[in-house]
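**Student:** The structure follows.
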Amino acid sequence: LYSIILFCVFLWIPFVYFYYEEKEEDDGNTCSQVKTALKYTLGFITICAVLLLIGAFVPLDIPNKNNSTEWEKVKLLFEEFGSSHGLTALSFSISSLTVIGMLAAITYTAYGMSALPLNLIKGTTSAAYERLENTEDIEEVEQHLLRIKSKCRDGRPLSSRDRRTVQQLEERLRTLRRRERHLESIEKSWWTKFCEAIRPLKIVWGVFFIIVALLFTVSLFLSNLDKALHSAGFDSGFIILGTNLTNPLNMLLPVLQTVFPLDYILITTIVMYFIFTSMAGIRNMGIWFFWIRLYKIRRGKTRPQALLFLCMILLLIVLHTSYMIYSLAPQYVMYGSQKYLVQVRCSIKSTELSKLSSFLLDQCIVTRTYLFLHKFWFFSAAYYFGNWAFIAVFLIGLIVSCCKGKKSVIEGEVDEDDSDMSDDELSVYRH
C-alpha cells in the first residue's frame, strides 16, 4: 500500500496534472501532450529514486574492518539492501512524504477542525436577506456610475482617474449581478429548503465535532508533554517506550482491542474525521503555495488540476495520520493490548531477578507500525515539533472562527477574479 502511494504521488498524479496543463494550452496532438507530461513527470521520478537511494544506503551500518576493501563495502551495501527487501528505503521515502503531509495537516486539518464545527453551529445567512443587500449595492454602484458619466455630457472627456474609477465600478457591477443570479437560484432550490429543515441536526453535529476536536487536542497535548518531560531529548527524536501521562484515547484503544473489531472501527472513525476536517479546511482556504493561492475548491467549478492537488494533499495527510494516531495513543500503537503476565514473588534471589528483568523487557513485542515510523530519529523530532505547531494552529483557528460571523450562502462561489468562469454552474443549484 505504501508503494502504491509512492506510485500515485511521484508518477500518476504528476503525469495527469501536466497532461491537463498541456491540454489547456494546446488542444492539438495528444501524443505531444503525453510526451510533455512524461518529461515533467521524469523529474518527480528522479526525486523518488533519490529518496529511495538515500534511505537504502545512508542509514546502514558498515562494519569497520581494516582489511576490507572499498569494493567489499559496496558489495555489503547491496547484500544488506537485498536482505531487507528495500524496507529501509521505503521507510525513508514514506517518512519524507509524511513530513510534507504534516505541513499540510498543520495548514488545513488543524484549521478545518475548528472551522467545520463552528460553521455547522453558526450556519449561513439567509439567501433572501443577502439578495436584498445585494440589490441595494447594485443600485448604489449604478448611481455612482451615472454621477461620473454625467460629467462628459457636454462633450468633455473623462479624466484618467475617472476612467479608472468607471472601469472598477463596472467590474464591481458585473460581480454583483452574478451574485444576484446565484442568490436567486439558491433561494429557489430544493437543496436550500432541505438544509433549513435539517438545521437542528447540523447544530448537533457541530457540537459533536467540536467536542471530538477538543478531545484530540487534549490527547495530543498530553502525549507531547509526556515526550517533553520523559524522553531522552532531541537526539533520540523524543521517543519514549512507555507512557507516563496517559490520555483518554490511549486508555480506550487498548481496551477496545480485546473485543474485535472495536478498535478498528474507532481508528477508521478517527481517520475519516481527519479526512472530513481536512477537506473542510481546503474548501475554506483553497490550495496555496506559500503566499500564492493556486486554486479554489468550489462546487461545480473546480478545475481538474485542483482536484488532483486535492487528492495528493489528502494522500499525504492520511500518511501523516499514521503518526498522528501514534501521538494520540502511543500505548496502542507500540504494544496494543499486551501486558506483563509474570507474577513477581517476594522470595526471589538476585540472580533470578536479573533473569526475570531481561525476560520482562523481551516479553512485550513492539508493533511493526511503530518500528516503520521510527527508523529515523530526525523524522520523529520533526513530528514532535509539528504536533506543537498543529495545536497552536488549531487554537488560532478556533479563535478566528469564533470571531467571524456567519458565512455567506454563496461563500466562495462568486468572486471578482472569476471572469474566466461562466454561469453554467447555476445548474448545480437548479437541479
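Glycine residues also receive a Cβ, built from the backbone N, Cα and C atoms like all the rest.
Since this is a predicted model, take the numbers as computed values, not measurements.
Reproduced below are the annotations present in TrEMBL:
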type: TRANSMEM; residues: 5-20; note: transmembrane segment
type: TRANSMEM; residues: 40-60; note: transmembrane segment
type: TRANSMEM; residues: 87-111; note: transmembrane segment
type: COILED; residues: 159-186; note: coiled coil
type: TRANSMEM; residues: 203-222; note: transmembrane segment
type: TRANSMEM; residues: 265-294; note: transmembrane segment
type: TRANSMEM; residues: 306-326; note: transmembrane segment
type: TRANSMEM; residues: 376-400; note: transmembrane segment
**Student:** Can you work out which residues elsewhere in the same chain, 6+ from the ends of the transmembrane segment (203-222), have a Cβ less than 8 Å from its Cβ atoms?
**Tutor:** 113-114, 116-121, 245-250, 273, 277, 324, 327-329, 387, 390-391, 394-395
**Student:** Tell me, what is the mean pLDDT of the coiled coil (159-186)?
**Tutor:** 82
**Student:** Between the transmembrane segment (306-326) and the transmembrane segment (265-294), do 3 or more CB pairs sit under 8 angstroms, pairs being 6 or more residues apart?
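**Tutor:** Contact criterion met.
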